[in-house]
Structure formats: structure tokens, C-alpha cells
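Novice: Quick one: this structure, given as C-alpha cells, is what I'll be asking you about.
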Amino acid sequence: MTDFRTLDDAGPLQGKRVLLRVDLNVPMEGGRVTDATRIERVVPTIREIADAGGRVILLAHFGRPKGKPDPKDSLKPILSTLSEKLGRPVAFGEDCVGEAAASAVAALKDGDVILLENTRYHAGEEKNDPDFAKALAANGDIYVNEAFSAAHRAHASTEALARLLPAYAGRLMQAELDALTKGLEAPARPVIAIVGGAKVSTKIDLLENLVAKVDMLVIGGGMANTFLHAQGKDVGKSLCEKDLAETAKRILAAAKEKNCTIILPVDALVAREFRANAENETVPVDAVPSDAMILDVGASSIATIDGAIEEARTLVWNGPLGAFELTPFDTGTVAVAQHAARRTKAGQLVSVAGGGDTVAALNHAGVGEDFSYVSTAGGAFLEWLEGKELPGVEALRAQG
């Protein structure tokens, strides 16, 4: 983390107006928050700044209101949950810039917290407009970015604003950057990556970057079928992007050149129906019945993956190994996740995981708390794994 300034570098916060960019893009139903994870994760930083006498001004986006106010994308319904989790009142500003924001911020006392309305109510936000960023900056003395999940987008509140005020990484951002550095940039070796999920097409850049950086790469989920097909195996009615066979071959060749061991399933749990508890059998991957589909890795594959994890000192995981939302096709994902969690708890493995399905799969396996770090930042986590620069992170680095 030496490249980034954190709250430790910000000096006394007493009386300072702190523009804190957070991710409050939480799922809502009927005007109520259904999963408060993202709110809970930013509470410690809000509390730390407020307890130090800072005036906390929360900036966030919600939904996709297309650059103009839309009541369904208002942040106001989040206020009660935010206040409850924080254990103190939170004021609300009807706009994030202009007179409404200025007067609301002017009324703050040391230690107060205010949430300003959706930054995406203004077209300048997604355009990274310098004038809009200046209007945001007018209400703050320093800027703290706590929204790693939005760091892959060069928006006014994540990028341009960070260049107008003294800028720092919040505690959550700091933890995320620390974890990712340990996972890929300066890892303890050997490093194993597990990449699953349905499609190769969405993860080509990711796979190409990983084969150059990791020692072992496990390919699972629906995307493994494309690789098996590329090797000339019949995958029956399984999900398979046959038009990407050449891409799969290219990735396999690149892995060989970089001395990255590719681990593909050797056996599979197959069924004729895509539903929970469908009649199933375990078969070798070169004997998949033509009317069946692969829905999980088999016992021999699990043993191979577990053995590889035994050798590794670092694990990076993105995507499930099978259709984990349907029993018993969650067996592979659950078994491997629990094995990785045991190694992590024993201090033998640094485990970093991220991506929506991955977080859900680890929670389903009951090990969401046992990995070294689980990132809630879907797109930003993927782009980091792809080796891309993240504008919101680079803006913090530039001042470091």
C-alpha cells in the first residue's frame, strides 16, 4: 500500500469537511434495503472520521438514472438503514451540488454525517466532467475514496474529484488494495487461481492475464466445457461456446509457454435436467452421454484441485465450479471452498476471492468469513485481475 495515501496520512480531521465516496448500491425491494452488506462495510470509516471531529459528507451513486433526477433511484430510502447501522443520525441533502448541497453542508457540526443525493442525477458524473467535479469539491476540504467497487470507472466522484482535493484511501479501499497486492502483485508462491462461471467469452482477458501471473490455474464451471471441447471431448448438451475453441487453445498454449499448470475437470457430475436433485451420475469427461449436461466437477476433480491447493501458498478465486445454486451440483464448489478455508485458518494459505457469484458461493459453503479477503467489488475486482489500471485507484496513487 506504499503507493497510496490513507487516512493515516490525512492529519487532524477536526472541523474538516470530508467528502467520503462510498458504494451504497444495495439491493432494495419495496423501498427497503434487502442486503445491507455494502452499508455495513463502510460504517467503520464513517465512524472513524466522525469520531475524530470530521464532518462526513457521503457521496454515492444509485442505479442508472441517466443524468437526471428519478425518484426510484433516490438515496433517501437508504437513510434509515444507514443511520441504524451507524448508530447515529444521518442528515440528507436533496442534491449533491449547488445551493441545496452547500446549505446542508454548512449546517454540519463537527462529528456530523450527511448523505447527499445520487451523484448520477447529473450527467457530469459519468462523463467525468471537470466542472461537475469542481462543484462537488466546493463542499469539501479533503476527499476519501471508500468505493473500490466503483474504481474501475473514471467518473467525476471517483476520478476527477480526487485530483482537486487532498485524496486518501478509506479503510475498506485500503484493505481491498492490500488484499489484491497480496493476491497477485506480490504474492507468496506458488499461486493458484480458480476461475469458474458460465462463459469463457466474459473472461478471456482475465485468463490471459492469469496464465502469465499464476503457477496453477483451475478452470471450472460452464467455461471448462469450452476447453474440454477444444481438446476434442464431447460435452453432450452442456453449456459450451464452441466458437471459442481456438481462443481456448490459444490460452492453453500461452499457459504452457509461461509454465502455468492448467487444471481441467477429469470427471463430471452430469444430469439430463437443469434442476435441483435431478437424477445424476459421475462420469469421466471423455464419456459424457450425448443427452446429458455437465453441472459440476466430479470427486476425482475435487481431489485434484484440493491437492493443488495443498501445494499453494496463495489462492485467487473468481467464479463457481458448478451450478452451485442447485443441490447436489454445489458439491464441488462447497468442498473446494471448505478445503481452502481450512488451509487459510491454519495460516497456510492467503485466499482472496471476489465477484458476485463467488461471494454467494462462498457464503453458501459457509466460509465467507474464513477467507483472507472476500471482495464485494464485482467489475473492479475483475478488471484488477485482468491487469487493467483502475482510474479511481490511479487518482489516489498520483498524489502518493
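Any Cβ shown, glycine's included, is placed from N, Cα and C.
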Novice: For the ATP site that Swiss-Prot lists with GLU325, GLY355, GLY356, ASP357, THR358, give the additional residue from the candidates LYS182, LYS203, LYS213.
Specialist: LYS203
Novice: Of the residues ARG120, ARG189, ARG250, only one is listed by Swiss-Prot in the substrate site with ASP23, LEU24, ASN25, ARG38, HIS61, PHE62, GLY63, ARG64, ARG153. Which is it?
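Specialist: Among ARG120, ARG189, ARG250, only ARG120 appears alongside ASP23, LEU24, ASN25, ARG38, HIS61, PHE62, GLY63, ARG64, ARG153 as substrate-binding in Swiss-Prot.
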Novice: Far apart in sequence but close in space: which same-chain residues, 6 or more away, have a Cβ under 8 Å from ASP23 (substrate binding site)?
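Specialist: ARG38, VAL42, ALA60, GLU146, ALA147, PHE148, SER149, ALA150, ALA377 - these are the non-local Cβ neighbours of ASP23 (substrate binding site), listed in sequence order.
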Novice: In Å, how large is the greatest distance between any two Cα atoms among ASP23, LEU24, ASN25, ARG38, HIS61, PHE62, GLY63, ARG64, ARG120, ARG153, the listed binders of substrate?
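Specialist: Max Cα-Cα spread across the substrate binders: 18 Å.
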Novice: Assuming the binding residues for ATP are exactly those in the record, LYS203, GLU325, GLY355, GLY356, ASP357, THR358, what is the maximum CA-CA distance in angstrom, rounded?
Specialist: 21
Novice: Who sits close to ASN25 (substrate binding site): which same-chain residues at least 6 apart have their Cβ under 8 Å from its Cβ?
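Specialist: Non-local contacts for ASN25 (substrate binding site): ARG38, ALA60, HIS61, PHE62, GLY63, SER149.
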Novice: Where GLY355 (ATP binding site) and ARG120 (substrate binding site) are concerned, what is their Cα separation in Å, rounded?
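Specialist: Counting only the Cα atoms, the answer is 23 Å.
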Novice: When you tally the Cβ atoms that lie within 10 Å of each candidate's Cβ, which of the binding-site residues (GLU325, ASP357) has the highest tally?
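Specialist: It comes out as ASP357.
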